[in-house]
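Let me begin by presenting the structure, written as structure tokens, before commenting on it.
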Amino acid sequence: MTHRIAFIGLGAIASDVAAGLLADAAQPCQLAALTRNAADLPPALAGRVALLDGLPGLLAWRPDLVVEAAGQQAIAEHAEGCLRAGLDMIICSAGALADDALRARLIAAAEAGGARIRVPAGAIAGLDYLQAVAGRDDAEVVYESRKPVAAWRAELPGMGIDPDTLAESRTLFSGPAREAALRFPKNLNVAATLALAGIGMTRTRVEVVVDPRARGNQHRIQVRSPLGEMQIELVNAPSPANPKTSWLVAQSVLATIRRHLARFTIG
């Protein structure tokens with residue numbers, strides 16, 4: 001069976017995912033993308049990914065699955081229409097879901113259209129554990145994001161920090177996951193994913209650190225409850241095309257697509 005998969009956005013993540021799907025002969029796919037600029041299409045995908053004209057064009061193409069990888073604004077613009085039309089979605093820009101009102105509208109749209117929303121793990125691990133403790137009032141979750149200067153180069157000057165002279169680690173934020181995800185939409189989607197899987201946007205605590213000595217994009221997750229403790233530390237290689245995101249993210253999205261299409265899944 002050939003699956004029809006449409007992307008919203010065709011940046012570093014979506015391009016890597018599209019290439020992975022096209023290389024998988026065991027799971028043939030037809031691909032299309034809704035993107036603001038046709039020049040976004042990498043040469044390797046030219047002629048293999050159809051370019052769509054706005055949300056009407058996407059709906060007319062009738063995909064089996066829509067993969068959003070264009071940023072939080074794209075969710076506000078396109079997700080509700082896709083879901084009401086009955087199109088299952090994978091949402092990569094999970095930070096948008098920190099907005100309770102938007103999340104409620106998307107869930108209502110999915111219910112109206114008979115569609116499903118999936119959020120990939122992305123750069124992190126341990127979501128199954130967080131889901132297991134989600135209902136406990138006595139659970140504590142702390143997440144630390146520690147990234148090198150390259151991941152924050154565009155934002156640091158606005159915080160009064162010179163990225164070229166920063167020699168020591170600096171804490172950029174400490175607070176609840178909701179605020180982290182909405183304040184840093186290009187860097188903290190992970191915070192929203194953790195909170196949605198676990199104990200919520202308010203109780204999930206987030207520390208954001210820029211560290212010139214960081215070996216890569218580092219993620220530390222600590223969970224404590226009477227059920228036990230979990231500590232995870234990941235050191236992900238940054239994406240060659242976008243240092244704000246981990247190279248692993250595209251593979252996580254690809255795995256989520258394969259689970260969505262599969263008859264047999266684990267986890």
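Heads up, residue numbers simply count up from 1 along the chain you see.
A Cβ is built for glycine as well, from the same backbone N, Cα and C atoms used for every other residue.
Taken from Swiss-Prot, the feature active site applies to H219. Among the features that Swiss-Prot reports, NAD(+) binding site is placed at A123, N189, with the record citing sequence analysis.
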> What residues, ordered by sequence, lie under 8 A Cβ-to-Cβ from the residue listed as 'active site' and sit at least six positions away in the same chain?
Replying inline: A123, I124, Y143, E144, S145, R146, V190, I232, E233, L234, N236
> Around N189 (NAD(+) binding site), which residues of its chain at least 6 apart sit with Cβ under 8 Å of its Cβ?
Replying inline: C92, S93, A94, G95, G122, A181
